[in-house]
Amino acid sequence: MLFKQQALLRQKLFVLGSLAIGSVLYLVARVGTLDRLQPICPVDSRLPTPEPEQIPLRTLQFKRGLLHEIRKGNATKEQIRLHNLVQQLPQAIIIGVRKGGTRALLEMLNLHPAVVKASQEIHFFDNDQNYARGIDWYRGKMPFSFPQQITIEKSPAYFITEEVPERIFKMNSSIKLLIIVREPTTRAVSDYTQVLEGKERKNKTYHKFEKLVIDTNTCEVNTKYKAVRTSIYTKHLERWLKYFPVEQFHIVDGDRLITDPLPELQLVERFLNLPSRISQYNLYFNATRGFYCLRFNIVFNKCLAGSKGRTHPEVDPSVVTKLQKFFHPFNQKFYQITGRTFNWP
Ligand code: A3P
């Protein structure tokens, strides 16, 4: 009897043990199956598309050394292929305005690890000869970059050249457009100063600003003078608005970029959907230069060339007032269209 009971117990224990081992084996097999399923639906593909904040900025900052070497012509084709470097069409263009601070804006944005600048003005869209060379020629003028970076170029002539908006639209109708403006009379004087310096370099004489800017027959502002026409921002912008909605433009205050650049740059970062990475560390005031200069890191900093920040000639105050009155209604329209108001007279 006792023997029978013991045999029954052993049988029960055997069944229970088998069930337990079976369950463990099933679980191991199931987990294994799950593991094998992963390649069919990789975890990566189920993650949301990376937001701009997720751009691996530290890595990009580190890799910029390589981009610098490439610019100097020191990189091999193998390195370019290995690092997956590309020449991308610009995702944003600084279209103007001449003497608004276009160089300073481009160089300062280039402080951002996710931004790569085309160093030279390309003049692709405003120069018929260049435009005829085609889009691949334009792409070939772009710097090498990592695919996560954005490329920016600046050619201030774009803003005032009739054919440009349509040409840019044909390339990329959703491109971001940056316009940096200064108080229009100051900008006109700056424009004149640049031309004057060019003449003086060639030992040529040139008219005084007052003579160019005022029509001697009518004593009114000479609207045929290019420096005056360029400062009528609203006229040019209205041509652009036939192709692009106003949301695709960002207006930068060029006067504030001189005195306090960081807040202006932060607004541009936001417009470009970039995480805020340019900091006060990157910008330091150089008293000798009288301008902010750029600090990339502990060893590399630079100021803009001496051709940026020239001393302007004295202008007859009555002419200044006349110009300011002339620009006033155009400025009002510009504020209205862009939604950005300035304290211009
Ligand atoms: P001025 O020479 O009249 O002072 P652009 O690059 O479009 O030609 O604009 C030139 C203007 O950029 C200069 O005009 C200068 O005032 C302005 N600017 C803005 N920030 C500057 C900076 N950090 N260093 C030098 N010039 C700067």
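The backbone N, Cα and C atoms fix where each Cβ goes, and this holds for glycine too.
According to TrEMBL, the feature active site, for sulfotransferase activity maps to Lys99. Look at TrEMBL and you will find Lys99, Gly100, Gly101, Thr102, Arg103, Arg182, Ser190, Tyr292, Lys308, Gly309, Arg310, Thr311, His312 tagged as 3'-phosphoadenylyl sulfate binding site. Under the heading disulfide bond, TrEMBL lists Cys293-Cys303. Here TrEMBL flags 90-334 as domain 'Sulfotransferase'. The transmembrane segment feature in TrEMBL is assigned to 12-29.
Recorded features from TrEMBL, shown on the structure.
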residue: Lys99; record: active site, for sulfotransferase activity; DSSP class: coil
residue: Ser190; record: 3'-phosphoadenylyl sulfate binding site; DSSP class: helix
residue: Cys293; record: disulfide bond; DSSP class: strand
residue: Cys303; record: disulfide bond; DSSP class: coil
residue: Lys308; record: 3'-phosphoadenylyl sulfate binding site; DSSP class: coil
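Taking a C-beta cut-off of under 8 angstroms and a sequence separation of 6 or more, Ser190 (3'-phosphoadenylyl sulfate binding site) has the following same-chain neighbours: Lys99, Arg182, Arg310, His312.
In terms of local Cβ density within 10 Å, Lys99 ranks first among the recorded positions Lys99, His312. Gly101 (3'-phosphoadenylyl sulfate binding site) is surrounded by 28 other CB atoms, counting those within 10 A of its CB over all protein chains shown.
In this record, 3'-phosphoadenylyl sulfate is bound by Lys99, Gly100, Gly101, Thr102, Arg103, Arg182, Ser190, Tyr292, Lys308, Gly309, Arg310, Thr311, His312; the longest C-alpha to C-alpha distance in that set is 18 Å. For the pair formed by Gly101 (3'-phosphoadenylyl sulfate binding site) and Cys303 (disulfide bond), distance between Cα atoms is given as 13 Å, rounded to the nearest Å. Taking only the Cα positions, the spacing between Arg103 (3'-phosphoadenylyl sulfate binding site) and Cys303 (disulfide bond) is 11 angstrom. Annotation for the binding-site residues Arg103, Arg310: lowest Cβ count within 10 Å of the residue's own Cβ, Arg310. Neighbour count (other Cβ atoms within 10 Å of the Cβ, all protein chains): 17 for Cys303 (disulfide bond). In this structure the C-alpha atoms belonging to Cys293 (disulfide bond) and Lys308 (3'-phosphoadenylyl sulfate binding site) are separated by 12 Å.
On its own chain, Lys308 (3'-phosphoadenylyl sulfate binding site) has Arg103, Ala104, Phe291 as residues at least 6 apart in sequence with a Cβ closer than 8 Å to its own Cβ.
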